[in-house]
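As structure tokens, the structure follows; a few thoughts come after it.
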Amino acid sequence: MAKLRVSYEYTEAEDKSIRLGLFLIVSGILSLFIFGFCWLSPALQDLQATAANCTVLSVQQIGEVFECTFTCGTDCRGTSQYPCVQVYVNNSESNSRALLHSDQHQLLTNPKCSYIPPCKRENQKNSESVMNWQQYWKDEIGSQPFTCYFNQHQRPEDVLLQRTHDEIVLLHCFLWPVVAFVVGVLIVVLTICAKSLAVKAEAMKKRKFS
């Protein structure tokens with residue numbers, strides 16, 4: 001009996017399906033590394049902070065100014081200055097004095113100041129924004145307790161007014177790369193299995209009529 005020969009070559013559609021699957025697999029792996037580096041690390045640091053009660057001890061400008069970058073159009077950028085205000089609070093978790101910051105981003109941008117205003121071209125507008133923020137903490141908050149966030153292990157001398165990340169960020173960091181990876185694997189596996197079944201069916205058909 002002559003040896004049966006069955007073609008294992010993929011059709012153009014099958015080849016495109018496998019390439020799409022491999023692309024999704026690679027994209028999922030790369031996305032996981034990119035999201036992990038850009039989002040996961042700061043999000044985990046932010047979520048490690050525990051809620052505490054804080055009360056204001058002092059609000060003052062320290063006489064230093066810092067630069068910020070403003071934009072005034074597509075190709076227009078520049079720098080201006082803003083005064084540094086410090087709000088020291090008593091942290092109920094450690095019962096110690098700590099410097100208040102608006103959020104994790106501002107803490108990393110300027111750990112010396114409590115507030116970074118939206119950067120404007122005119123220094124005067126930046127100063128007014130800082131003054132309004134300073135007066136708010138002096139007059140409206142005063143000695144009233146408020147919720148702050150404290151990380152004993154990372155920065156025990158600082159507290160945050162609000163978190164910039166939550167569990168949703170962690171979910172997205174893992175969910176979409178994993179979905180892309182799983183879909184890619186399924187496409188490749190199903191395409192190969194479908195081809196294998198088609199080849200076996202063709203071989204059985206040839207044996208039947210040989």
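Any Cβ shown, glycine's included, is placed from N, Cα and C.
Over in Swiss-Prot, the protein carries these features:
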- 1-19: topological domain 'Cytoplasmic' (TOPO_DOM)
- 20-40: transmembrane segment (TRANSMEM)
- 41-167: topological domain 'Extracellular' (TOPO_DOM)
- ASN53: N-linked glycosylation site (CARBOHYD)
- ASN90: N-linked glycosylation site (CARBOHYD)
- 168-188: transmembrane segment (TRANSMEM)
- 189-210: topological domain 'Cytoplasmic' (TOPO_DOM)
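Ranked by Cβ neighbours within 10 A across all protein chains shown, the glycosylation sites ASN53, ASN90 are led by ASN90. For the topological domain 'Extracellular' (41-167), the number of residues in each DSSP class (helix H, G, I; strand E, B; coil) is 33 helix, 51 strand, 43 coil. If you take the Cα of ASN90 (N-linked glycosylation site) and the Cα of ASN53 (N-linked glycosylation site), they are about 8 angstrom apart, rounded to a whole number. Across the topological domain 'Cytoplasmic' (189-210), the DSSP tally of helix, strand and coil residues reads 21 helix, 0 strand, 1 coil.
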